[in-house]
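A.B. asks: Found this in TrEMBL, in case it helps:
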- 134, 135, 136, 171, 178, 179, 180, 234, 262, 268, 269, 270, 271: substrate binding site (BINDING)
- 441, 498-502, 536, 543-545, 599, 625, 631-634, 705: beta-D-fructose 2,6-bisphosphate binding site (BINDING)
- 47-293: domain 'Phosphofructokinase' (DOMAIN)
- 373-656: domain 'Phosphofructokinase' (DOMAIN)
- 372-750: region 'C-terminal regulatory PFK domain 2' (REGION)
């Protein structure tokens, strides 16, 4: 990066004015998008018609041209030519209309004598950037809208609580969630809790759905389940457009099956509560990207939406996104439901396909299975492992395979701790934390002979390994072992699952999101404890080994003043600068500090050392406290993200496995010895990809158990800027304007 690019970042906004408003229904995380607006020196105005901390409203006046005329007058008089709108589809549609009318509005204002010719000339164009803040996730062009993940947290908290009472009394619960025109919340909730049925507006059930539903509930009870969960989107309809209400479903179940059935309508609880770690980070990232998009804009730049594709920020034309969103609504109104599903995007459709497989397809009752696949957990426990096992087992059974589960990782594989799993074996596993199969860090190399013997004994033809860095290194050892033992020449796939998020070949690991939310919740409570005492700095130690993912992302989400990690070396002078920064902060209205330290960031600058340094240097100005979070980061129920991620990773892994086994069938047996028969399934930028473990060796720092390149390191400057440090922002790499058709063609299947 050149010096000019640094300089441009700091001065890009000088002499410019930006207005920010949050509009429409409230959504958690909107306020996080407001944090980055002062970083370039621009004048910033917050419009008090919308938002969370700045208020949120659905403005009827803006729907009329007279209201938009007044809005234009307000902007012109303040010299504002840059507008950021944070809201849902209605808000962004209004913003699109406002921009298209801008020239005519200025002309009318000038004719009426409300603005001068000079003011009209200075405000001749209006740059608009949209950020999608909506719990419904109903805006086309983005994988996730700000607020959706937090809403899912509220829903799953309630579903988990209801599940307990439903099991006690053998009840059926019908839960109604928000989503008048979009079934995303209902669909992902059903995947995240293993619901028996889901009703969404995009895909009405078949005409005989009443019979199918009752048969499904009855079969579930026959297999030993003590409860049934049905999820209903508030906009659910049948194929004739008639609403399907939660009360309709309750009455049906009671009348035909006689089950004790209760209805719970979640309502506005879904909009409230603390934003999740995902939404905090998403809002912060999108806010910074929106600033850059506005200030780089020219009179010819089309209005754009900053959206999320995989883990990448992208800019899409606002008009295109609005039009596709309108097309979805029209297709549903015209009862062209297949088209509506396609317009929602490949990610939505894949959610639906996985749900149908796990909930609606009857497991085959056959004596002769096609192939035998074993599933195991390796390494430290991570929330979401059980969801991945459940998905893998059930998809395997649906495909006609015999599925075995291995207890205690490679050690259990060597000792023969293996049993066959049926459909009910993994029932209720989706929301359970830890590892039901048991997991150990033992690697396979020392036990190749015993492992080979058990592969032959149990006729194992494929292996799904769910775990962290040990799962990856264990896969590498299996590849090496193929030279000595033909029995090891079977396909295997590694699903990354670790709180450390340090598996090469994947930007995300199952379990990391849960750990991140645990840290954020703890940091929130710790910061709240300082609200009364004031002038207090907390030093928090996080897990992660040498990987600084948790410390960095938790720091960004929780608003930390510093986050010390191994990947970004620091000196005593850096520590001193942080202390001086906190001394200055104590002179402001915010009289508390938060510092995160990755557990292995530096062997000399330990948590105790940093605590003692801050305590000594802060004498008379602030007190210091320390907290080592420890293994609480590995516990707890998995978040909706980890449940959904794990479920679809398991399904995709098993689909790959079935194809690879068939491909490796030679001379009456399975023989897989090519590099692509042993892979890591990982999310890379915008796609889920299978990468041979041997090809990932060059990308790995084995000494420190981390990938050599990590995408999240580019977010660290945002953390420092939001903590109000005087640093440069790298503007050499940012999102470029794409078109929604291109974005959709490259969408990830997650």
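Cβ atoms are placed via backbone N, Cα and C, with glycine included.
Keep in mind that TrEMBL annotations are predicted by a computer and have not been checked by a curator.
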A.B. asks: Need one number for the substrate-binding residues 134, 135, 136, 171, 178, 179, 180, 234, 262, 268, 269, 270, 271: the maximum pairwise CA distance in Å, whole number please.
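C.D. replies: It comes out at 32 Å between the most distant Cα atoms.
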A.B. asks: Round to a whole number and give the Cα-to-Cα distance in Å for the pair residue 536 (beta-D-fructose 2,6-bisphosphate binding site) and residue 134 (substrate binding site).
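C.D. replies: Roughly 35 Å, rounded to the nearest whole number.
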A.B. asks: Sequence gap of 6 or more, Cβ distance under 8 Å: name the residues on the same chain that satisfy this around residue 262 (substrate binding site), in order along the sequence.
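C.D. replies: In sequence order, the residues whose Cβ lies under 8 Å from that of residue 262 (substrate binding site) (at least 6 apart) are 171, 172, 173, 174, 250.
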A.B. asks: Validating a neighbour-count step here. Other CB atoms within 10 A of the CB of residue 136 (substrate binding site): how many?
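C.D. replies: Here the count is 26.
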A.B. asks: For residue 536 (beta-D-fructose 2,6-bisphosphate binding site), list the number of other Cβ atoms lying within 10 Å of its Cβ atom.
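C.D. replies: Other Cβ atoms found within 10 Å: 21.
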A.B. asks: If you average pLDDT over the domain 'Phosphofructokinase' (47-293), what do you get?
C.D. replies: 89
A.B. asks: Closest to residue 178 (substrate binding site): which of the binding-site residues 441, 500, 545, 631, 634, going by Cα position?
C.D. replies: 634
A.B. asks: For each of 134, 500, 634, count the other CB atoms within 10 A of its CB; which of these binding-site residues has the top count?
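C.D. replies: Its Cβ has the most other Cβ atoms within 10 Å: 500.
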A.B. asks: Look at the binding-site residues 178, 269 and tell me which residue has the greatest number of other C-beta atoms within 10 angstroms of its C-beta.
C.D. replies: 178
A.B. asks: What residues, ordered by sequence, lie under 8 A Cβ-to-Cβ from residue 180 (substrate binding site) and sit at least six positions away in the same chain?
C.D. replies: 136, 201, 233, 234, 235
A.B. asks: If you count the other Cβ atoms within 10 Å of each Cβ, which of the binding-site residues 271, 631 comes out on top?
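C.D. replies: Most Cβ neighbours within 10 Å: 271.
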A.B. asks: Provide, as an integer number of angstrom, the distance between the C-alpha atoms of residue 271 (substrate binding site) and residue 500 (beta-D-fructose 2,6-bisphosphate binding site).
C.D. replies: 30
A.B. asks: What same-chain residues, at least 6 away in sequence, bring their CB to under 8 Å of the CB of residue 545 (beta-D-fructose 2,6-bisphosphate binding site)?
C.D. replies: 469, 500, 502, 599, 600, 704, 705, 706
